[in-house]
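Working notes, structure below.
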């Protein structure tokens, strides 16, 4: 039985099962429980159960340097995190003497699974000589922690303190008049999100030097809504490690969670460490972990009153921040304002028109964005015109020059900030309507100088701004507030950029070159600038996609491996690609030295297994061409780009690239290479 308060479970003597079996069984229960929970209820309560791969990653972050561990899991669900901690402790050489678990959960469906998980945890600990006890509290964690932290005449509970806490808190909003909001105020926190409340409450319940590992949305790192949370949390806790994921979807892919999530390890102490370990991976199960020691003052600037948390996963990211620091103008200092489009189409449904006609003005959506400008009208099912009426007149702006930007990016879109120039000379209309899914830059409701607008669009579309925005914004929206907090070049610099732009907007590479040469380093461009590195990695990914590699293989690791095997530095021309003989260690050294990506030394096998072997299977590279009899598992094993692949890749970014790719793919299907090229020439001539 589980009582409303503490209850020690009576655990039966089930047969022993290995750690991997324990995690597999618990993860199976997680999937089963997820199917039983109502979708609407899960969203309302913020219930996203932790996959075993994520739980194991989190458990592995603890130091666990105490003989007796008291562990808190607030919002335990079925106990995935607890099971991962038990497996981690049992596999470490220095095992604790005892483990006491306190698990909070109020969902009756999940509690039944939680009981079974704790039974297996007890068996696992017993096998390894660890004394295991557990308590389940089937009451609200916020209520209980507030009672412990702020006792009154009616409640005098004993305050429980823990050496460790591991949490995947609920991601639900808190109403301003709710009891949870009132309780959190009583412990000194003003927040509108339940995950922030759980995190602060858990931190309060830790012993001095206690450890907390949590997985939450990244949104708390910046923004006004979480300012109070950052202040309260960082006064108690010192960040030790932050882990980020390249993909927003993978950590909770079963639940379609699209928020960017991060894992944080912090210790309860006032003194801050000199550095914080920043790690990143494509997913929780990816063994290839990018590792970077970041100065604490670079993570949280002591002069920053907002206490924004700036997560910089590598040295290239630090360069991004350094370069962006050269721009100091606020949008107000430019004399500009940015606003959200005024037209909410469903509110003016009667005034919408499919096509332009007499008495209407253009209605511009993100769907009209095209190559740095606006294509109007365009092929879309959206209504493209708005009737001018007394009701709609207030929603319009004069038909003058503006810069428009998308408010929302798609799930894995290449760029977060997508900006275009609205050139008033191309549309014969006195006014224009901007739909609510875009932002527009203006001067007190009027348009911009066209040259200034072009320069501003170039800056916003630069890889530098995109990289900067991604570092500090964990959501896919680009709201007007985000654009207001961004820093900009001064007016003269923007006009200088704009003067380089004609009617045809530059390509990404040309655009980045303009920002680099005109604004950042006009006399001495950096050899390995962040924009050059990003563009080269994107080019490598484009090549792998053209060669038919599956989506799961199209990641930064694969791109960098290909570049290493071609000995291609960020500014080298593709036609200069080479074919050195490289082992795994030199490949990883090239990634760090040329592209600033330092992977942990123990991830060499992951590079070999998950990238190099797939390149071998695809015929892109060969193994040990200098000594075919050398065993594949020899420490001297080396890889080299295949000869015909090298010739192909040297033609990237030329007019011959597309036809050469088609011919190469025919060659891979078994055709003679010369015949394949000849056949492709004939196909091209007949098209």
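Placed from the backbone N, Cα and C atoms, the Cβ positions cover glycine too.
Curation plays no part in TrEMBL annotations; they are all automatic predictions.
Listed in TrEMBL:
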DOMAIN    158-249  domain 'Type II methyltransferase M.TaqI-like'
DOMAIN    535-665  domain 'BsuBI/PstI restriction endonuclease HTH'
Report summary line: In this predicted model, the domain 'BsuBI/PstI restriction endonuclease HTH' (535-665) has a mean pLDDT of 92
Report summary line: For the domain 'Type II methyltransferase M.TaqI-like' (158-249), the DSSP residue counts stand at 36 helix, 29 strand, 27 coil
Report task. Could you break down the residues of the domain 'BsuBI/PstI restriction endonuclease HTH' (535-665) into DSSP helix, strand and coil, giving a count for each? Result -> 73 helix, 8 strand, 50 coil
